[in-house]
Amino acid sequence: MALRRSFNALGVVCLCVVALSIAVSGRPATFLEDFRVTWADNHVRQLDGGRGIQLVLDQNSGCGFASKRQYLFGKVSMKIKLVPGDSAGTVTAFYMNSDTDTIRDELDFEFLGNRSGQPYTVQTNIYAHGKGDREQRVNLWFDPSADFHTYSISWSHSLIIFAVDEIPIRVYKNNEAKGIPYPKQQPMGVYSTLWEADDWATRGGLEKIDWKKAPFYAYYKDFDIEGCPVPGPANCPSNPNNWWEGPAYRTLNPAQAKNYQWVRANHMIYDYCTDKSRYPQTPKECTADNL
């Protein structure tokens, strides 16, 4: 049986809020039931009886949390309102990680802060069987600090899709038949962090964080997981009847493909596939079919 966990915000107060309610068993979810603080618990506060949390970045620390369970295939999404104003040097991350050192699998959204008036950049990265360094960067076509937008990762045996408001910005197809690694053996947890990375995050580290603007806040709500929990029913990950394994989800549909090409043509600012200084020989996955 696949598990669906859905967390819906009733409101956001003045810090980083992840508001939670659960749709599986009917019981009200609390933060401590479903998540754990992974970093700087003094920067994480529960709200509304544990149905929400607050995250903050200041000169003392950032902070982060993770799901208590891991999942093998499915879809995870959340609505995020990013750090407003001068956010240079900050990184708001939403990602899945296998929590293994040597053969890590990981699917990353990293939202790179900016100087006021500049576009927000989202970096995606994929680790498969311990191999990463597959960065792509896209300038978002809206102000992601003005309102909430939905960011999602879909993961099946066939395809991984990173999407913004259901518009694909990154596609990674299972091309194991061509000798290209694909994450499918290890379950992954769901993580989120708010942290300082001004040595690389904004214009390659040229723009430093302005601590006079601190503290920095990001806002989350409507956090949703549909997937196979691990530990859980052993046959769930291989069940072809899971909705994310259906024929409609094995490739982009025509509308998705059109939007994906639009993003790549108009908003992509970096692709490791074309970076000859790093990869004189184009990586194999870059020449494979990823539509």
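Heads up, the Cβ atoms here are built off N, Cα and C, so glycines get one too.
Heads up, TrEMBL stuff is auto-annotated, nobody curated it.
Keep in mind it's a predicted model, so treat the numbers as computed, not measured.
Feature list (source: TrEMBL):
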- 1-26: signal peptide (SIGNAL)
- 25-220: domain 'GH16' (DOMAIN)
- GLU106: active site, nucleophile (ACT_SITE)
- GLU110: active site, proton donor (ACT_SITE)
- ASN114: N-linked glycosylation site (CARBOHYD)
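Of all the Cβ atoms in the protein chains shown, 20 others lie within 10 Å of the Cβ of the residue listed as 'active site, proton donor'. Taking only the Cα positions, the spacing between the residue listed as 'N-linked glycosylation site' and GLU106 (active site, nucleophile) is 25 angstrom. All chains included, 20 other C-beta atoms sit within 10 angstroms of the C-beta of GLU106 (active site, nucleophile). Averaged across the domain 'GH16' (25-220), pLDDT for the predicted model comes to 89.
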